[in-house]
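The transmembrane segment annotation in TrEMBL covers 39-58, 70-90, 102-123, 197-217, 229-255, 267-294, 366-385, 391-412, 477-498, 510-530, 542-562, 568-585 (among others). Positions annotated as domain 'Cationic amino acid transporter C-terminal' by TrEMBL: 540-590. Annotation comment: TrEMBL describes 619-641 as region 'Disordered'.
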Amino acid sequence: MVRGLPTAASLARFCRKLNRLKPLGESTMDTSLRRCLSTLDLTLLGVGGMVGSGLYVLTGTVAKKMAGPAVLVSFAVAAVASLLAALCYAEFGARVPRTGSAYLFTYVSMGELWAFLIGWNVLLEYLIGGAAVARAWSGYLDVIFDHQIRNFTEAHLGVWQVPLLARYPDFLAAGILLLASAFVSCGARVSSWLNHTFSAISLGVIVFIITLGFVLARPHNWSAEEGGFAPFGFSGIMAGTATCFYAFVGFDVIATSSEEAQNPKRAVPMAIAISLGLAAGAYILVSTVLTLMVPWYSLDPDSALADAFYRRGYSWAGFIVAVGSICAMNTVLLSNLFSLPRIVYAMATDGLFFQVFARVHPRTQVPMVGILVFGVLMAFLAMLLDLEALVQFLSIGTLLAYTFVATSVIVLRFQKTSPPSSPGPSSPGPLTKEHGSCADHLQLVGPEQASAPEPGQLRPALRPYLGFLGRYSPGAAVAWALSILVASAITLGCVLVFGDSALYLPHWAYILLLLLSGGVFLLSLSVLGAHQQQHRQDTFQIPLVPLTPALSILLNVCLMLKLSYLTWLRFSIWLFVGLAVYFGYGIRHSKENLREPLGLTATRYVVFPSGSLQGAVQTVQPSSQVPTPEELNCMEQPASP
């Protein structure tokens, strides 16, 4: 062996470090944060995260440039597509009631490196998202005052002509972010109260818009004389759907807040479902009345609602719309500032990010350092940078997180069930009888128990027909099928998005590639469905697994492939920075490093139906709980036949 080159054993240990899983710990409710959020609190947090400036800007833009009056169909389809991802978050948020959202869900199912990269991307998503909303808030207020704020700033500070920097420093956007950070640092109850206030005003304004809009509705605006209901056809509706999908980004704040929920197993799924339904109803009804009040082609994309009321002779309603818009943007700001420090807190608690962000204020019980540091950083971004070129980062980071969460749901469903009281993932299954002596390490397997199917094994009814799949160890066929499913989803997405013209293929080759990739996708889906899953009654579980998360994966891949190559280039640079942080700090300070030395070698005896006794050496990897002296003494005793 050449000196300096790593050995095969060291490479294997290194790869295991990258893919090590965090123990699920789903039964614990202990937390250093304060569990004070009710179902109503979580619901309004979700509504505030979804119903923001998009309601007042996005509806007019999509209606005029993409879909016409059929914008309501685009919002409906986008809501159904978002529901696929929301259900995955609901299952994880109820089962793993800890802060961290997509980062944590990936950590417990797919591995440490993947989890860090997801957390790193979500961090950037919240930073840019919060800064962009603050700039929109400032711009909207500037329009109300006839651009006096912008003119004053440019007159005294001049206009900047530097790439990546804004035309002028936006002190108003930075100020609103610092003020919101101060309120969020006062505790979850204060943040929730503020969010309740702004959400109530915003929802009241939405009800006013819908009511007055239906009074002023003119069905003639949907007639063929005005271009018809869908002037851009089916392609326009689908293009509008891709844009409207991002209007529903924000429900993940509910999963992020699950560690502060009073009853997360019940509250998280209900809050996600209710908030998504309210947001979808608001978008669909507002877009309906907007295109009924005035012809779709005459809409002002920048201020469609206010302009529509002004043109119908209700200029005073524009003031109410402005109040609702500002309140809606305030709820989005609070949602971003509430979620971002908790993601960083979860990463720091696991040792993957700097430990200073794991500190919780003893009185307010919030991650104070994370709130202040990232609040100031977000304010600097809003004040100095030109965010228009970076906004697409929101899309790719969100879609990647959705993809990993959907994949994690499939992984977790086919894992072997561990009892809630088990100290680690290698604990005996639920059929094992526990005792207080060395008999704890003897597992008696009867004829009925030996044949009981475990998650990851082939379903008994299908064994006569798919016996070749039963030859693999439990979970092996599932792992291969899931890998092929993701690969075929990427291939199918490329075929659907780029088409035969962009791929420079003859038509017959394009059709053949479409059939092959679609067939492999369906085949891998069938193989996954042929295996036993976990079925739990104590927490929420999504229906139709693996179909529901598989469709979510395919949809997310298609939407990611529609992003520009510059977005992918910038995203790759950000990933390389994240890898430098992980290999420079995270991998060395991970809390999983403390658990690895606790791996114990035990002998596990199994009595087979024939009466023979066989022993097998098993490595037990406990969770954060250290083995008791009795367990250590028991494992050190020589086994007697």
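Every residue gets a Cβ built from N, Cα and C, even glycine.
It should be emphasised that the depicted structure is a prediction, and the values quoted were computed from it without experimental measurement.
Mean pLDDT for the domain 'Cationic amino acid transporter C-terminal' (540-590) in this predicted model: 89.
Sequence-distant neighbours of the transmembrane segment (391-412) (same chain, 6+ residues past either end, Cβ-Cβ under 8 Å): 84-85, 88-89, 91-92, 95, 101-102, 105-106, 108-110, 114, 118, 121-122, 124-125, 128-129, 132, 246, 249, 252, 482, 486, 528, 534, 542, 545-546, 549-550, 552-553, 556-557, 559-560, 563-564, 567-568, 570-571, 574. In summary, the transmembrane segment (267-294) lies against the transmembrane segment (70-90): three or more C-beta pairs, each 6 or more positions apart in sequence, are under 8 Å. Taken residue by residue, the domain 'Cationic amino acid transporter C-terminal' (540-590) breaks down under DSSP into 40 helix, 0 strand, 11 coil.
Residues 42-43, 45-46, 48-50, 52, 54-55, 58, 61-62, 66-71, 73-75, 77-79, 81-82, 86, 89-90, 92-93, 101-102, 105, 222, 268, 271-272, 275-276, 279-280, 283, 296, 332, 335, 338-339, 394-395, 398, 401, 559, 562 of the same chain, all 6+ positions outside the transmembrane segment (229-255), place their C-beta atoms under 8 angstroms from a C-beta of that stretch.
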